[in-house]
Each structure stands twice: as C-alpha cells, then as structure tokens.
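**Q** This is the structure I have questions about; it appears just below.
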Amino acid sequence: MWGWRGLLFWAVLVTATLCTARPAPTLPEQAQPWGVPVEVESLLVHPGDLLQLRCRLRDDVQSINWLRDGVQLAESNRTRITGEEVEVRDSIPADSGLYACVTNSPSGSDTTYFSVNVSDALPSSEDDDDDDDSSSEEKETDNTKPNRRPVAPYWTSPEKMEKKLHAVPAAKTVKFKCPSSGTPSPTLRWLKNGKEFKPDHRIGGYKVRYATWSIIMDSVVPSDKGNYTCIVENEYGSINHTYQLDVVERSPHRPILQAGLPANKTVALGSNVEFMCKVYSDPQPHIQWLKHIEVNGSKIGPDNLPYDQILKTAGVNTTDKEMEVLHLRNVSFEDAGEYTCLAGNSIGLSHHSAWLTVLEALEERPAVMTSPLYLEIIIYCTGAFLISCMVGSVIIYKMKSGTKKSDFHSQMAVHKLAKSIPLRRQVTVSADSSASMNSGVLLVRPSRLSSSGTPMLAGVSEYELPEDPRWELPRDRLVLGKPLGEGCFGQVVLAEAIGLDKDKPNRVTKVAVKMLKSDATEKDLSDLISEMEMMKMIGKHKNIINLLGACTQDGPLYVIVEYASKGNLREYLQARRPPGLEYCYNPSHNPEEQLSSKDLVSCAYQVARGMEYLASKKCIHRDLAARNVLVTEDNVMKIADFGLARDIHHIDYYKKTTNGRLPVKWMAPEALFDRIYTHQSDVWSFGVLLWEIFTLGGSPNPGVPVEELFKLLKEGHRMDKPSNCTNELYMMMRDCWNAVPSQRPTFKQLVEDLDRIVALTSNQEYLDLSMPLDQDSPSFPDTRSSTCSSGEDSVFSHEPFPEEPCLPRHPTQLANGGLNRR
C-alpha cells in the first residue's frame with residue numbers, strides 16, 4: 001500500500017518539475033497578435049482606474065503567459081499577475097497597448113487578445129464637425145466612479161501642441177487646442193496677453209468648445225495678434241500652454257515680380273542654365289514657366305495670343321521657392337528663345353520674360369595672365385587704387401563739409417525769411433527798439449525761456465526772444481489742459497486761451513499748444529522758433545492749421561495753434577468705414593453715419609485748396625499725407641506741419657543733400673532718388689492722399705520692402721484703382737503720378753477739377769463697400785501710428801533728418817459727421 005502511494009508521489013513530483021523547467025512558450029507565427037487577430041476585446045480605461053484582464057481557460061490548461069505589445073508582461077508595484085488574471089492599479093496612458101493571454105494544453109495553444117486604451121480623450125481629436133452647441137457645454141467625464149483616484153491635470157496629446165507660433169492671413173479662422181484630462185474633470189479658461197479673454201474683447205467674439213478643449217476665432221484681424229494662454233486646472237493642480245498668433249495683412253495687388261528677373265542669358269552649347277523669378281504676392285500665387293515657340297512659322301496664334309509651351313507648373317507639393325527657379329540642363333540650339341515667368345493670383349496676372357542665346361562652344365586657349373605672379377600684381381594694383389579712391393573721397397567730403405559748417409549763434413531761425421531771429425546770449429539791445437526792428441536783424445530782448453517754476457531745458461542754454469505784440473499772449477490768459485501727444489522733441493497739450501480775439505477779451509477758445517520737452521536741445525528750440533516764424537510769414541487760410549498766438553516772455557516758449565478735435569484724416573476715414581467691413585480696434589465703436597462719395601470728394605477739394613494757398617506762398621510741404629491733415633469739429637480739413645517746409649522764394653526747387661528719414665510711400669521719384677522737392681513733388685503726394693481717401697484710410701503698398709518699392713517706381717508701377725473710385729478720379733491720381741514732374745497738374749488745376757466734380761456728385765451717392773475689400777483693397781488699417789512729421793508707416797528710409805524738426809500729431813478723437821464742401 002505504501003509502495004503504491006510512494007510511486008504516485010514520485011510521479012506527481014517529476015511531472016511538476018518538468019512543467020516548471022519548461023521554457024516560456026512563444027507564440028507560433030500564425031498566432032501572433034501583431035498580424036490580424038480574429039477576435040479582440042477593446043477596453044477603454046480612465047487614468048487612475050483599476051485595469052482588470054481575465055483570460056478564458058480550458059480544463060486541461062498546463063501553462064499561461066501574458067504579453068503586452070509582443071513583450072513578456074512582468075509584475076511591478078502596480079501590476080499583479082495571478083494565473084489567468086492581470087490587475088494594474090492606478091492605470092496611466094503608458095499602460096495602453098495590445099495584451100495577449102497565451103495558454104498551452106495537450107490539445108494545443110490558444111490566445112485571447114485585449115486592446116486597452118487608457119485615456120480620457122475623445123476617440124477623434126478633430127472637432128470640425130462638432131455641433132456649435134458644444135461651445136457652451138462643459139466636457140462630461142464620469143468622475144463619480146468609486147474607484148477613481150484624484151489625478152492632477154495633464155496633457156493628453158502634447159505632440160499636437162508643439163507648434164506655438166501661428167502666422168495666418170487676415171480673415172482666416174484660427175483654432176487653438178489644449179487637449180487635457182484629470183480627476184476630477186478640470187476647468188478650462190483662456191487669457192490673451194496675460195489678461196482674461198472675454199468674447200466681447202474682439203469683434204465677432206469667439207467660441208470655446210469644452211468637449212475638445214479648444215477656442216475658435218473667425219475672421220481674424222491685425223488686432224487679434226498676441227499670446228493666447230489656456231489654463232487647465234482642478235483642485236489638485238494647474239497646467240497652462242501659450243500660443244502666439246500673428247495676423248498678416250493682405251496686399252491688394254496682383255503678383256509683383258522683382259525687376260531684372262529673369263535676366264537674359266548667353267551660354268555655350270551644352271551648358272546648364274538657371275533662370276530666377278522672384279515673386280511677391282498675397283494671396284497665394286500660382287507660378288508657371290513658359291517657352292515661346294513657333295507653329296507653322298508663326299509665333300502668334302489666330303486669337304492674337306503667342307504660342308507657348310509650359311515647361312514647369314506648380315504641383316500639389318511644390319513650394320514657391322522651387323517654382324521661382326527654372327533649370328535647363330545641357331542646352332542645345334533648340335533651347336534658345338524667349339522664356340516667361342507667369343505669376344497669377346485671385347487679383348490678376350504678372351509676367352517677366354528673358355532671352356536665352358546659345359553659342360558654339362569656344363575652344364580653350366592657354367591663359368596668358370594666369371600665373372600667380374600676374375594675379376598677385378593685379379590684386380595689389382586693384383587694392384591700391386581702391387584705397388586711394390577711398391582716401392580721396394574722405395578728404396573731399398571733409399573739405400566740403402567744413403565749408404558748409406555754420407556757427408549756431410548766427411544761424412537763421414527760418415529759411416530765407418524777410419527778418420531773421422538769431423538766438424543770442426547776453427545781448428545788448430539799443431534803447432530804440434523800433435530802430436533795431438527796422439535794421440534787418442531783430443535782436444533778442446532779455447527774456448528767459450524757462451520760468452522759475454519750470455526747470456531749464458536739459459540741452460538748451462539761457463536764450464532770449466523778442467516780444468511780437470501782434471502774436472504775444474500773456475501767460476495768465478492761457479490755461480493748459482491734458483496732453484494730446486508728444487514727438488521727437490516737443491509735446492502738444494490741449495489748452496483754453498482767453499481773449500485771443502482783441503474785440504472779445506473774455507471769449508474762451510480751445511487751442512493746441514506746442515512746447516519743448518525737458519530734454520530738448522538748442523537745435524530743437526531753433527526748429528520750434530523756425531516753425532512759428534514760418535507760420536507767421538505764410539498767414540491764415542481756412543484749410544491750413546493757423547497760428548493763433550505765442551508765449552515768448554518770462555517762461556518756456558509756447559506756440560498756440562488751432563485745435564482739430566477729430567484728429568487726423570486717416571483715422572477719421574477709418575473710423576467711418578461701413579459696419580462689418582472696417583477693422584476698428586475699439587470693439588465698442590460703431591460708426592453712426594456712412595460717408596457719401598461727395599463727402600470724400602469734398603475732403604480732397606479742401607486739401608487741394610489748402611495746398612494751392614501754400615504753393616502761392618512759395619512753400620513746399622514735403623510730407624503731404626492723410627496723417628498730416630487734421631479735421632475740425634465742423635469737418636473742415638486743415639493741413640498741418642507745413643511750417644516745417646522750406647521757402648523757395650528765390651529758387652523753384654529744394655534739393656536735400658543729406659540722407660534722412662523719408663516717407664517713401666508718399667514721395668515722388670525725383671524726391672526719393674535725387675532729393676529734389678518741388679510743388680510738383682507735392683502733387684505726387686497729393687495723388688497718394690487721394691488714394692488714401694478713396695480707400696477710407698488704406699495703407700499704400702502694404703508689405704512691400706523699401707528696396708523693392710524703389711525698383712517698382714523706376715519700372716513705372718502704380719497702385720491700382722480703389723474699388724469705389726470713379727475712373728475720372730483715378731485718372732486724376734495717375735496724372736499726379738506722372739513720371740515727368742512738368743506733366744503733372746498744378747494745385748490750381750486740381751482745385752478747379754475737384755470743384756466741378758463736387759458740384760456734379762450727388763449727396764445720396766453712398767459708397768458701396770460690399771465688395772471683398774479684405775482681399776482686393778487695403779481695408780485693413782495699418783496699426784502703426786506716427787508721432788513724427790515723417791510718420792511711421794511700413795515703408796520708410798530710417799535715418800533721421802538732422803535738421804528736420806518733428807512735432808507730435810493730435811490724437812484721434814472720433815466723432816461722426818458728414819463732410820460738406822468748404
């Protein structure tokens with residue numbers, strides 16, 4: 001009996017030993033789960049939940065193996081394996097994968113598959129087709145399960161958030177996403193530039209889709225630029241992510257091709273040729289390369305269009321950089337001919353052509369001067385010549401600049417004024433002031449420019465000015481108010497002047513007062529005096545900013561001028577764009593009245609009248625633009641900053657010999673390239689101002705680099721007709737932009753033409769701005785503002801004028817009102 005039991009004991013022991021020593025079974029190739037499984041059980045588990053997997057077993061199972069993604073599953077502090085069951089505590093997204101339970105028995109092996117996804121994210125990351133109703137609903141997550149543990153917020157798809165800078169064209173839709181999760185379900189809020197972002201902070205608002213952790217902004221505009229931060233938080237933590245948005249303005253032009261490209265080529269037979277075509281365009285251009293060919297001996301077809309062969313066209317994955325270059329390999333005589341780069345967009349087409357000439361290959365001849373000795377001699381001679389030229393140029397420049405230097409104490413305060421006012425220290429004045437007034441040099445009376453209550457200007461010594469009874473206003477009759485702005489050396493404040501009109505000594509008038517800043521220099525003081533004296537000399541006119549008075553005695557210099565309550569013309573027009581098409585930076589602002597065509601023509605007419613008067617006084621403005629035209633409470637146009645112009649009483653042009661900061665988008669070619677300023681160059685600027693008026697404050701040639709603008713002007717490029725401008729007015733602009741200055745109209749002729757057009761234009765002829773101005777006209781305002789006389793627009797030459805003063809503009813104070821003919 002005991003022998004039988006002993007034998008049975010040893011049999012069981014041997015069997016158990018063999019089973020234990022058997023190596024872990026591997027899946028047969030045909031049963032590998034990484035092929036196409038027959039049956040897979042899918043499980044979605046939330047982070048922090050308990051993951052339980054149970055394998056179905058047969059009665060005769062001898063061994064069980066667990067694998068995840070083809071790798072043996074091992075136990076850990078969170079993972080427990082008990083035969084046919086696997087438990088994973090506090091599951092995390094890294095626990096996701098394809099689990100396999102492999103069982104072995106005498107009858108064969110069997111595999112059970114489990115597809116596990118540990119995530120709170122939705123099955124699809126896209127929400128393009130989500131209902132808009134989801135924008136007001138919080139993301140619903142089952143956080144009430146008893147086995148859920150608290151989890152701080154975390155990103156569920158960080159790889160989709162790697163792109164932080166998003167540059168998009170205006171009018172596009174922008175969507176930012178911050179897919180995340182946590183327990184309990186976290187909240188989502190958005191900041192713009194570090195401050196709370198609310199729907200009423202932008203025109204059109206925005207949508208937040210909590211189900212997909214996203215924010216959507218339709219029809220973005222330049223004011224939407226900034227940093228957008230999503231903050232995801234619950235009681236156990238907080239995370240944030242910042243996106244940067246840059247909105248690019250659209251250029252209302254057909255493609256612009258760089259001058260001189262493609263260039264003509266002359267090559268030898270068998271050479272390689274490369275044609276280059278540089279294209280500037282927004283919207284996206286379509287580029288093609290064509291070769292002109294002959295058909296039956298003719299280059300022109302029956303439709304009067306040239307025969308051509310398409311050599312290269314843009315594909316789905318072809319970039320603009322690739323399309324801008326045409327490569328020809330191993331050219332033959334048949335390759336000679338005319339090649340054209342054709343670029344088009346939704347606005348129009350542009351093309352440039354070049355010729356390829358193929359010559360016989362030249363026989364190589366031994367070079368005569370290729371030895372190192374000859375090359376060394378050439379290099380030394382060339383270097384010596386260049387150095388000599390540089391030294392000579394410096395010497396000549398020094399000699400010329402030395403002869404042109406003038407002492408500050410004797411410089412004139414205005415340009416060739418009838419009476420000059422030199423600034424002097426400690427001057428002696430004759431007892432008979434009238435004698436000195438008639439002597440041709442007006443001496444300065446002892447009167448400090450700094451009062452006892454105001455510190456002396458940092459860069460200005462103690463100077464004295466004469467009192468002019470015609471313009472002098474006692475300081476106690478001037479009440480200074482709030483600042484209106486400041487510029488390069490001065491500032492402007494709103495003030496109330498009492499008794500400007502001698503006949504009404506108690507009448508209070510709102511005025512603007514120009515004064516120096518505390519860090520002004522002697523040069524700045526001279527410029528302010530120069531402007532004041534120029535305004536005295538020019539006199540008064542309804543359509544210019546007039547001098548009203550000055551405070552020159554016993555304190556700082558105050559220059560009192562007319563106050564224009566509605567700001568400059570550019571901002572005035574932008575504020576009155578029709579609803580839905582303007583891009584106003586004040587979301588609460590809505591225009592109350594739409595401008596008519598007659599209003600716009602009246603603007604141009606009044607500016608032309610003001611310029612006609614300045615021209616009659618032999619003054620050249622040099623910086624005529626909508627930003628330098630101010631609008632009064634009664635909608636009267638007044639030209640500003642003409643006091644900075646040069647007097648040309650004895651010569652009919654003004655040539656600037658030193659480089660400076662120039663408003664190149666408004667400048668005539670002769671002023672831009674030769675620094676020659678005339679009344680005709682002001683007429684060119686008036687043409688650009690007309691274009692600004694009929695685009696309601698648009699920015700000329702936006703986004704065009706300075707060097708490209710130079711080339712475009714030399715090639716005869718002119719801006720296109722605004723959408724709501726008549727052909728007659730556009731032809732007036734083109735006449736103002738004539739390349740030959742003498743062929744441009746005079747301001748007198750412009751006044752006569754505009755007077756006639758105003759009379760013929762109906763008051764009810766309102767602008768139809770329902771056309772797509774966001775693509776075809778500059779209805780996007782230039783966000784940059786000007787504080788200097790030359791302005792701060794997108795195309796400028798960036799060296800400051802050494803002798804051009806720079807006073808601030810009046811800030812815009814928007815008010816509605818139609819324009820009447822003045």
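Quick reminder: no glycine exception, Cβ is built from N, Cα and C everywhere.
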**Q** Could you check Swiss-Prot and say which of N240, N724 is marked as N-linked glycosylation site?
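**A** Going through N240, N724 one by one, Swiss-Prot annotates N240 as N-linked glycosylation site.
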**Q** Which candidate, C101, C178, does Swiss-Prot give as the disulfide partner of C55?
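**A** Swiss-Prot annotates a disulfide bond between C55 and C101.
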**Q** Choosing among C230, C277, which residue does Swiss-Prot name as bonded to C178 by a disulfide?
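**A** Its disulfide partner, as Swiss-Prot records it, is C230.
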**Q** Scan C277, C389, C488 and flag the one Swiss-Prot records as disulfide-linked to C341.
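**A** In Swiss-Prot, C341 forms its disulfide bond with C277.
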**Q** Looking at 34-51, 160-177, 322-339, 412-429, I want to know which stretch Swiss-Prot calls region 'Heparin-binding'.
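**A** Range annotated as region 'Heparin-binding' by Swiss-Prot: 160-177.
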**Q** Name the secondary structure element type, per DSSP in three states, that contains E562 (ATP binding site).
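**A** It is in a strand.
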**Q** Please report the distance from the Cα of G490 (ATP binding site) to the Cα of Y730 (phosphotyrosine), rounded to the nearest angstrom.
**A** 38
**Q** If you measure R627 (ATP binding site) to Y730 (phosphotyrosine) at Cα, how many Å is it?
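**A** Cα-Cα distance, R627 (ATP binding site) to Y730 (phosphotyrosine): 21 Å.
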**Q** Quick check on the binding-site residues: of L484, A564, whose CB has the lowest count of neighbouring CB atoms inside 10 Å?
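**A** Minimum Cβ neighbour count within 10 Å, taken over the binding-site residues L484, A564, occurs at L484.
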**Q** Can you check which residue among the binding-site residues E486, E562 has the largest number of Cβ atoms within 10 Å of its own?
**A** E562
**Q** Taking only same-chain residues 6+ apart in sequence, whose CB is under 8 Å from that of Y730 (phosphotyrosine), what do you get?
**A** K721, P722
